[in-house]
Amino acid sequence: MDYEGPRPPRRPAVREAIDFTPTVVQFFGSTIHCRRLSDSPALLAHPSSTRDLLPPFATRESPYDCLCTRFLKCCVSKSRGTVNCLQWFPDGRRLITGTSNGDFTLWDGIDFGFFDLKQLNHSAVGALTWTHSEKTLISGNYTGEVHLYTPQLLSINIIQAHKSMIRDISLAPTDLKFVTAADDSHSILWDLHRGTADRSFTGHGYDVVCCEWHPHKGLIASGSKSAQVQLWDPRSENPINSMHLHKNALTKVKWSPSGDYLLTCGKDQSIKVVDLRTLSVAHTLRGHQADVTAAAWHPYHQSIVATGDYGGHLAYWDVSDPSGSPMATVPNAHDHCVLSLAWHPLGPIVASGGQDCTTRFWGRSLPGDEGEALVPQSDRPPTQYAPPRMANFTRTLPLKAARPNRQPTVPPSRTSTPAPKKASSADATAPALRMGFLRLQRGPASTLPGRHPGSRKLMSPPEPPTPPAEETAAAAAAAPAADGESKDGVSAAAAAGAAACGKRGPDDGPEVNGVDGGRGGGGGKGVKRVRIVEPVSDGMGGGQQGGNEEMVVDSQDQ
């Protein structure tokens, strides 16, 4: 047999996986440098920004970040049974589904692969729920039995609760009691540890298809095929209130995580949001074209709910939106009716089970996904980064030129030149000049140069040294007499001599903080030479108080 050379390397299989741990690590890392989550960098529409994703509980001000519209994977159990109910494990690493064949199928919560198959029931599983202590799993089947399991799916107890199929199970906030709903027209309150019935609620008169215990109070809501929602006190067998909200049979009742609202779904293709404080319908959500069969509240966003209908469509709603329109929809999410929905404990994934015998996983859209209209954290500027709250910035402003017909005035300085005309408060508004860019300076006025820290009096800058009289006379004699005179009748030689000795001439402008503002000789346009100064006050109400701006101007006399 001839040698054909080395085999080509196998191409690795691409498997969709969602690991929520990096988002939590990114959240704790970002809070070190930013006091507020809104100061964290915005995400760009590029796959490289995926590493900057934050978990849903860190973006509560952005409800669009938690919408799971991106298809991840479709899983089919070996038993090929209808997925009637499903629940995430408390740690979020596995998903358990109950099928019409009576078995439990476990799926991996990261790569969504098959994990295990348990045949623990002899009839179809109709309801699944965890206790709040996360130590017991409770299931109900179509023969009316309630099974208690450990997290390792070891049987603890079996209770014959009803004579017909169990539709729903809900736990009390204290984990001491639980309530069951069945097709025998009543719901029963049970003691979890003793396994005995405490009370039976028989006010519906028709099949009870759903029940839900209030997350914080002793209040139970139940719905039946008679389109009636009833509220119960666990201590009484009589209902507290009865409400007719739908035109057809109810399918689901769900309390919001805060307990202020009750969500009801019916076969009239509508969703009602009831305010518990007023016992009235706060919002009506319409958008499904078939019976609404499944609903689940987001674990962190108090106003976000996911629903599924008989046609296999998913929809996400904001119950605080008065328009009553869905935020996003996933058409044809299943080939048939959506029977159950469950959010991941952290909120980045939604698991759905349907009558098409499949379990499907949906995740948040990622930055740079093609065809995705919803990008997490998209309500922030896509190309800008929010600066940290306590950052120190230097603001650069355009330079300002001095007014040509108006010269700034300041208090007189200690020179031999006669003091100019006293400045008024209206004329002392010109800003001081300084070489360099503008910079905002915030600090006490006593720290500015030219101001004494212990008083409000102005400190004039030091005077230039006066040259000897001999040098002044020699400079005046050296100037030719034919230089001409200025337009005011003053010779250019006199002006040059005055400039050489550092004194002011009769034609010079006023002095600004010891800086000569003269025009120069010869009648031409000279350039103002300005020294570094700071904004100061003349102590009489004129001028600027404290240093706010500085600038440099090189201007010519007009």
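Each residue's number is its place along the chain shown, starting with 1.
Just so you know, glycine gets a Cβ as well, placed from its N, Cα and C.
Remember, TrEMBL labels are computer predictions, not curated facts.
On the 0 to 100 pLDDT scale, the repeat 'WD' (76-108) averages 92 in the predicted structure. Under the heading repeat 'WD', TrEMBL lists 76-108 (among others).
Annotation comment: TrEMBL describes 159-200 (among others) as repeat 'WD'.
TrEMBL lists 201-242 (among others) with the feature repeat 'WD'. Taken through DSSP, the repeat 'WD' (201-242) splits into 0 helix, 20 strand, 22 coil.
As annotated by TrEMBL, repeat 'WD' applies to 243-284 (among others).
What TrEMBL records for 285-320 (among others) is repeat 'WD'. Outside the repeat 'WD' (285-320) by six or more residues, the chain places 56-57, 60, 63, 66-69, 248, 251-252, 254-258, 261, 263, 265-273, 326-347, 350, 352, 354, 356, 362 with a CB less than 8 A from a CB of the stretch.
If you look at the repeat 'WD' (331-362), the same-chain residues 6 or more away from its ends with a CB under 8 A from one of its CBs are 18, 20, 23-24, 55-57, 66, 68-77, 80-88, 90-92, 95, 97, 99, 105, 107, 109, 112, 293-301, 306-314. What TrEMBL records for 331-362 (among others) is repeat 'WD'.
Here TrEMBL flags 368-428 (among others) as region 'Disordered'.
Under the heading compositional bias 'Polar residues', TrEMBL lists 406-418.
For 443-558 (among others), the entry in TrEMBL reads region 'Disordered'.
Under the heading compositional bias 'Low complexity', TrEMBL lists 469-482.
The compositional bias 'Gly residues' annotation in TrEMBL covers 515-525.
If one looks beyond the repeat 'WD' (76-108) by at least 6 residues along the same chain, the residues whose Cβ comes under 8 Å of a Cβ in the stretch are 20, 114-130, 134, 137, 139, 141, 151, 153, 339-340, 342-346, 351, 353-355, 357-359. Broken down with DSSP, the repeat 'WD' (159-200) shows 0 helix, 23 strand, 19 coil. Across the repeat 'WD' (243-284), DSSP assigns 0 helix, 24 strand, 18 coil.
For the repeat 'WD' (201-242), the residues of the chain that approach it from at least six positions outside its boundaries are 167-173, 177-189, 248-255, 257-259, 262, 264, 266, 274, 279, judged by C-beta separation under 8 angstroms.
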